[in-house]
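These features come from TrEMBL:
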SIGNAL    1-22  signal peptide
DOMAIN    30-122  domain 'Purple acid phosphatase N-terminal'
DOMAIN    133-335  domain 'Calcineurin-like phosphoesterase'
DOMAIN    360-421  domain 'Purple acid phosphatase C-terminal'
Amino acid sequence: MAGLSPSCYCLLFLFLLGNAGAESLEKATPEQIHLSYPGEPGCMTVTWTTWVPAASEVQFGMQAGGTLALQAQGTSSLFVDGGILKRKLYMHRVTLRRLLPGAHYVYRCGSAQGWSRRFRFRMLQPGPNWSPRLAVFGDMGADNPQALPRLRRETQQGMYDVVLHVGDFAYNMDQDNARVGDTFMRLIEPVAASVPYMTCPGNHEERYNFSNYRARFSMPGDTEGLWYSWDLGPAHIISFSTEVYFFLHYGRHLIQKQFCWLERDLQKANENRASRPWIITMGHRPMYCSNADLDDCTRHESIVRKGLSGGRYGLEDLFYKYGVDLQLWAHEHSYERLWPIYDYQVYNGSRESPYTNPRGPIHIITGSAGCEEMLTPFAPFPRPWSALRVKEYGFTRLHILNGTHLHLQQVSDDQDGKIVDDVWLVRPRQGRRTYL
């Protein structure tokens, strides 16, 4: 550097300073933006990631191209991934309040150090008297997410109010020191920043005690998204963790804790049937399946279904007791619809209309959104309780029309969006319900 004039040194210093400033701003620019419904009417939570500490603010309004006149502040927390690099991510959460039912909002998030682009969402209606439309799936990875382009298009067309992702994200969020998790969250942003993206944990989230799942998503309640419930239109939706039954080294007490919470929540929901007639559950590993593998659901005494040895904390009896209407599952990379079932017995409403006033819950397994593990084959012969099996990439549409009618469709991505299953679940309005 000999021979440079003082003015050259000054210019070099300013150049390096500018580069450092630009890099700092880039690290503070929000990414991986997604919405969730916190369970409070008129509220929506925005979550995002930065790479350096920054303020947490959302600016929002109702004019697409206008000034975002409203502001809300929130909190950030440091997440240190468990991988060898101990990468640091800053997770920001801001809850918007006093939003108008059904209104369209425009928002951006960030701070003076960097802002996201603008996104749009429609606020959910608060009461039971409307007809929510949901996209439902599990087992979607950062590699081979076959259903994602169609989900993105249909979400941008306003076809859905909510997304339910029934476990197994990214494959896996912890991989490559959590960089695979970052990639996945960027991929789903066009969907998840536009409608509430509601989740439950799957087996692929297990690493480091589910730390990536717990840090990245913001679900209702105080369990970091492991189990929670919320109301949507005429339905009460319960999300829970099947994984507490399998990863016992994180604490056997979690099985009992979740089970007791589930029973209290189901009892309360059952007493509220006059307002919210439908009870819907979502958990990752199914009680039943007819796939050609050795998963828990292929065993006659499934752990999720029957519980621990001695029949403690089994979920089938609990859900049957409180009249759960629809049980959503994933884990198997295929689609399977069951006849109304309890303890391997079929309880159709009638021969002509099996899903009209059925005498048992309906199980839907929808884990074919696409991941690196490809599709799961079925056993050669379907079981007597299996109504339909589809080994194609796709996802499920759920339309909760009203308090008596619920509509399910399976969309095949392999067949360019063709509907390959279409069924109505019909129940007369009534108070507390049990199949006993």
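All positions are counted from 1 along the displayed chain.
The backbone N, Cα and C atoms fix where each Cβ goes, glycine too.
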Confidence summary (mean pLDDT) of the domain 'Purple acid phosphatase C-terminal' (360-421): 97
For the domain 'Purple acid phosphatase N-terminal' (30-122), residues assigned helix / strand / coil by DSSP: 0 helix, 51 strand, 42 coil
Helix, strand and coil counts within the domain 'Purple acid phosphatase C-terminal' (360-421) (DSSP): 0 helix, 31 strand, 31 coil
